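Record features, source Swiss-Prot:
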type	residues	note
BINDING	Thr112, Lys113, Lys114, Asp115, Gly164, Gln165, Ser166, Gly167, Val168, Gly169, Lys170, Ser171, Thr172	GTP binding site
BINDING	Cys245, Cys250, His252, Cys258	Zn(2+) binding site
DOMAIN	63-221	domain 'CP-type G'
Amino acid sequence: MRTGRIIKSLSGVYRVDSDGEMFDTKPRGLFRKKKFSPIVGDIVDFEIENVTEGYIQHVHERQNELKRPPVSNIDHLVIVMSAVEPDFSTQLVDRFLVIAHSYGLNPRIVVTKKDMASDSQIERIEKDLDVYRAIGYPVQFVGKNDNIETIFDEWGSGLAVLSGQSGVGKSTLLNAYRPDLAIETNQISKSLNRGKHTTRHVELFERKGGFVADTPGFSALDFDHIHKDEVKDYFLEIQEYGQGCKFRNCNHIKEPQCNVKAQVEAGNIAQFRYDHYVQLFEEIANRKERY
């Protein structure tokens, strides 16, 4: 019996990396009976059938898991945004951060295309990024002339998953780091100011200290698993200052003696962060139940 990590899944076949050796494996029938499917990122025990093939016998417990796209045991969720084409959006950053925290992931922010932005755009973006740095998020603002290897090394060991809307440069980052991958990239649609997703399945690629994955289908952010009363816990500074509110169940909207609103007034919580919190709270509060 050997142990390895699923790095790719295609048509019911799971490619497992076991100490640098690759095996194409299939799950035993017992998984079908349990209606359980292995996913990319899983740590598995498998029996070797021949030199390059085997059967998965056991899936280790997942430390965390994304539903869409399906990937598990993520150490870092890298939120990739671009300075321009498409334009940098703090609202989108905040929505990705909420998703990250809701799944128990460690998020970090990477902004690309610095070389394509004007001085005034860079100044505005840096001002916004300082807000995230002050909260405690690791932030990188990079252009095509930056050392890509250094950017990836800063992420530390383990599995780093790239997330972000289409066209922000996720595949370009990977290609610069690993030119041998030749991942397809797409030009930005001028009419929509965004790209089409070029990555069609989740695959883990080796990097120094671990793996990195690009993720398809990560532009339609899904908050169905989040209750409105949980949203405040996923805005870290709101969660912290919320402990000073008079009422324990304060949602920081219309409640009296709210410390969060007082800290927004005092400038200790960025207005845009509070506005995005309120928008998302109301969006989730007003959604219709799905049956």
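Quick reminder: no glycine exception, Cβ is built from N, Cα and C everywhere.
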Among Cys245, His252, Cys258, which are recorded as binding-site residues, the nearest neighbour of Lys114 (GTP binding site) by Cα: His252
Three-state secondary structure, Lys170 (GTP binding site) (per DSSP): helix
Residue among binding-site residues Cys245, Cys250, His252, Cys258 with Cα closest to the Cα of Gly164 (GTP binding site): His252
Alpha-carbon spacing, Val168 (GTP binding site) to His252 (Zn(2+) binding site), which is rounded to whole Å: 33
Model confidence over the domain 'CP-type G' (63-221) (mean pLDDT, whole number): 86
Which same-chain residues, if any, lie at least 6 apart from Thr112 (GTP binding site) yet have Cβ under 8 Å of it: Val80, Met81, Ser82, Ala83, Val142, Gly143, Val168, Gly169, Thr172, Leu173
Which same-chain residues, if any, lie at least 6 apart from Cys245 (Zn(2+) binding site) yet have Cβ under 8 Å of it: His252, Glu255, Gln257, Cys258, Asn259, Val260
Cys250 (Zn(2+) binding site) to Ser166 (GTP binding site) - Cα separation in whole Å: 36
